[in-house]
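J.: If you scroll down you'll find the structure; I have some questions about it.
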Amino acid sequence: MLPKLVITHRVHDEILQLLAPHCELMTNQTDSTLTREEILRRCRDAQAMMAFMPDRVDADFLQACPELRVVGCALKGFDNFDVDACTARGVWLTFVPDLLTVPTAELAIGLAVGLGRHLRAADAFVRSGEFQGWQPQFYGTGLDNATVGILGMGAIGLAMADRLQGWGATLQYHEAKALDTQTEQRLGLRQVACSELFASSDFILLALPLNADTQHLVNAELLALVRPGALLVNPCRGSVVDEAAVLAALERGQLGGYAADVFEMEDWARADRPRLIDPALLAHPNTLFTPHIGSAVRAVRLEIERCAAQNIIQVLAGARPINAANRLPKAEPAAC
């Protein structure tokens, strides 16, 4: 009898074909997010779960699913999943590194350009029927001759800097550990203090993971430092930013604009998270938002799902997964 795998969100048909010889599949091939109660009902006798960004696995969940052996996350950031609880229950927690790096960096730059050039308002103007031909309007901010500050210089921050070559911008960054001199010189990067980055950048791009140190790192105190009209772009994690502080900075005219692909309401592991995006923030004209599509490139999503599936297959075969967030004592290393 094949082990049971619960897949909580829609995946490509190719992934179902890959998994079918190894598992009894219980899928969700709709565009609806299953409730926690429904996922629990499906997982009570399951040996494996393929999880996605809206899902949350904690000690209570694992206790209700005693046969679970692996939670294979089709994502990179696993802050909604309790690593210690999985380890204590002997459940592998796996993730997919690296594949989200390039599309997230691309989207960040796209959001920066769109925000600076007022693409949201310009698009609405054309669609309204009011456009009758060229007029001197929608003057914005370009990347050429601008100072771009990147907060965080992990894989995504590096990918942002790499893709900003040739845009004519001056690049600076803040990271607890400085890059090596060769990398700084190759990318034209200058390390500055976090406060200086906020005070001297025309564009501020966030490239941080979410953890106890970074939650609400971008707060009222930091936003009070920005030069008037500066633009803030968040493609990383919603709760890195205090959205209430962002709204206040927008309303007083200090922050020139805010673009985001991620929102505080998505960070399920936070008991105090907002349950929705503030309507006043959504309505503010100097904002540009996308619905967490940083990895929404078909080829990328397919490969993310394939890697998540392969991690699950490895565990169900008695081997170590290729990319694990935790360490368990048993099982042989996987053959990559």
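Cβ from N, Cα, C; glycine included.
Positions annotated as NAD(+) binding site by Swiss-Prot, on the basis of similarity to another entry: A155, I156, E175, P235, C236, R237, D261, H292, I293, G294, S295. According to Swiss-Prot, the feature active site maps to R237, E266, an assignment based on similarity to another entry. Sequence annotations record features per position, and here Swiss-Prot assigns active site, proton donor to H292 based on similarity to another entry.
Help me picture these features in the structure, burial and contacts included.
T.: Listed in sequence order, T104, L107, A108, L111, N234, P235, F289, T290, P291, H292, I293, G294 are the same-chain residues at least 6 apart in sequence whose CB falls under 8 Å from the CB of D261 (NAD(+) binding site).
In the three-state DSSP scheme, R237 (active site) is classed as coil.
According to DSSP, E266 (active site) is assigned to a helical segment.
For H292 (active site, proton donor), the count of additional Cβ atoms within 10 Å of its Cβ stands at 16 [all protein chains shown].
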J.: Is it possible to get the count of other C-beta atoms within 10 angstroms of the C-beta of R237 (active site)?
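T.: Cβ-Cβ neighbours of R237 (active site) within 10 Å number 21.
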J.: I'm trying to understand the geometry here, so how far is the Cα atom of E266 (active site) from the Cα atom of A155 (NAD(+) binding site), in Å to the nearest whole number?
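T.: Their Cα atoms are separated by 22 Å.
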J.: If you count, for each of the binding-site residues C236, I293, the other Cβ atoms lying within 10 Å of its Cβ, which residue has the minimum?
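T.: Checked C236, I293; of these binding-site residues, fewest Cβ neighbours within 10 Å: I293.
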J.: Within 10 Å of the Cβ of A155 (NAD(+) binding site), how many other Cβ atoms can be counted across all chains shown?
T.: 17
J.: Give me the Cα-Cα distance between E175 (NAD(+) binding site) and R237 (active site), rounded to a whole Å.
T.: 17
